[in-house]
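Structure first, then comments.
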Amino acid sequence: MAELFYEDDADLSIIQGRKVAVIGYGSQGHAHALSLRDSGADVRVGLKPESKSRQKAEEAGLRVVTPAEAAAEADVIMILVPDPIQADVYAQDIAPHLKAGDALFFGHGLNIRYGFIKPPADVDVCMVAPKGPGHLVRRQYEEGRGVPAIVAVEQDATGNAFALALSYAKGLGATKAGVIKTTFTEETETDLFGEQAVLCGGTAALVKAGFETLVEAGYQPEIAYFECLHELKLIVDLMYEGGLEKMRWSVSETAEWGDYVTGPRIITDATKAEMKKVLEEIQDGTFANTWIAEYKAGLPKYNEYKKADEDHLLETTGKKLRSLMSWVNDKA
Ligand code: NDP
Ligand code: MG
Ligand code: MG
């Protein structure tokens with residue numbers, strides 16, 4: 001079972017006594033920089049001079065310097081730029097300024113797990129990853145609450161890396177909700193698997209296949225959209241609140257019976273065998289290497305897939321229908 005840590009397990013004064021650099025000011029970066037500052041830490045934000053995020057950070061009262069200056073000043077350096085560019089930012093702006101006893105922090109383990117970043121042996125290497133988008137992390141902090149986080153230590157050069165990571169997590173409000181100890185390997189592999197097999201990849205493919213099956217059989221796309229996409233939210237909300245049990249309690253007995261007899265015909269042993277292959281390709285680095293190569297090549301296939309789905313009847317139908325439902329928050 002997982003080890004959990006709360007407010008009393010973490011000493012905020014550790015992070016308050018350090019100089020923190022938050023590199024990047026996006027979804028996670030803004031939440032970390034603002035909440036750590038409000039928790040009494042000495043924070044500077046590292047951004048390129050031409051960065052679009054710069055003005056926002058300055059307006060929030062943060063001191064913004066270049067990533068290299070931030071790394072040189074600080075002794076805790078949190079890297080919150082997009083994963084595919086972290087290795088370049090690390091090599092150019094951070095590595096030259098690392099001193100013995102510094103701490104390198106991450107919000108996701110990918111670059112350490114697959115060796116794209118190889119820190120020197122005399123620095124602590126930690127992860128603090130809130131289990132929620134940055135805007136929720138910040139909002140909960142402002143309301144005096146916290147989003148749970150997972151914390152890991154890859155390299156403990158000082159002997160105090162875990163206490164430092166817990167202190168950082170407390171500065172984000174995470175110990176109010178609970179912090180779970182993990183490893184870079186577990187976080188990275190489960191995160192990639194979850195988003196590919198279930199959350200993003202699996203769900204998107206399931207919705208599309210269901211929608212296409214109904215439309216190809218002659219049903220109206222608008223009706224198919226409601227049945228295969230729109231109503232998914234109601235089901236997921238029930239599962240989120242009370243697991244499969246609450247979902248099955250809420251739907252009709254007919255729907256529940258269909259769930260039992262048809263679900264296993266859709267997600268079959270063959271699907272699970274494929275999931276195992278997907279997991280193996282995550283574990284052996286195939287996925288990460290392919291993705292970084294695609295990114296470096298300028299995202300040719302990524303853009304092709306994106307375009308194909310933008311033009312899918314599911315999406316064009318959905319756009320039209322959502323504009324009729326004022327309560328659906330479609331920011332597009
Ligand atoms: P975003 O894409 O939201 O933000 C990236 C930030 O990095 C922007 O401020 C961008 O500034 C800046 N940036 C881009 N290039 C550089 C550069 N060369 N030097 C300095 N700054 C740069 O990232 P996320 O917050 O989504 O992700 C950051 C990390 O957090 C990742 O490791 C991710 O896996 C992890 N994470 C993200 C979660 C989320 O909710 N999004 C959840 C948990 C973990 P600009 O473009 O203005 O120049
Ligand atoms: Mg992820
Ligand atoms: Mg129905």
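Note: Cβ is positioned from N, Cα and C throughout, glycine not excepted.
TrEMBL annotations:
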- HIS108: active site (ACT_SITE)
- TYR25, GLY26, SER27, GLN28, LYS48, SER51, SER53, GLY134: NADP(+) binding site (BINDING)
- ASP191, GLU195: Mg(2+) 1 binding site (BINDING)
- ASP191, GLU227, GLU231: Mg(2+) 2 binding site (BINDING)
- SER252: substrate binding site (BINDING)
- 2-182: domain 'KARI N-terminal Rossmann' (DOMAIN)
- 183-328: domain 'KARI C-terminal knotted' (DOMAIN)
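The Cα atom of TYR25 (NADP(+) binding site) lies nearest to that of HIS108, taking the recorded positions HIS108, ASP191, GLU231 as the candidates. ASP191, GLU195 are the binding-site residues among TYR25, SER53, ASP191, GLU195 whose C-beta comes within less than 6 Å of an atom of ligand 2, given in sequence order. Of the listed recorded positions, namely LYS48, HIS108, the sparsest Cβ surroundings within 10 Å are found at LYS48. Taking a Cβ distance under 6 Å to any atom of ligand 1 as the criterion, the recorded positions TYR25, LYS48, SER53, HIS108, ASP191, GLU195 reduce to TYR25, LYS48, SER53, HIS108. Separation of the C-alpha atoms of GLU227 (Mg(2+) 2 binding site) and SER27 (NADP(+) binding site): 32 Å, rounded to the nearest whole number. Taking Cβ-Cβ distances under 8 Å and a sequence separation of 6 or more, the neighbours of SER51 (NADP(+) binding site) in its chain are TYR25. Residues TYR25, GLY26, SER27, GLN28, LYS48, SER51, SER53, GLY134 are the ones the record ties to NADP(+), and the longest Cα gap between any two of them is 21 Å. Broken down by DSSP into helix, strand and coil, the domain 'KARI C-terminal knotted' (183-328) contains 124 helix, 0 strand, 22 coil. Using CA atoms as reference points, the binding-site residues GLY26, SER27, GLN28, SER53, ASP191 were checked against the residue listed as 'substrate binding site', and the closest is ASP191.
Packing around SER252 (substrate binding site) is summarised by its Cβ count: 8 other Cβ atoms lie within 10 angstroms of its Cβ, all protein chains included. DSSP assigns GLY134 (NADP(+) binding site) to a helix in the three-state reduction. Set side by side, the binding-site residues GLY26, GLY134 differ in how many other CB atoms lie within 10 angstroms of their CB, and the most is found at GLY134.
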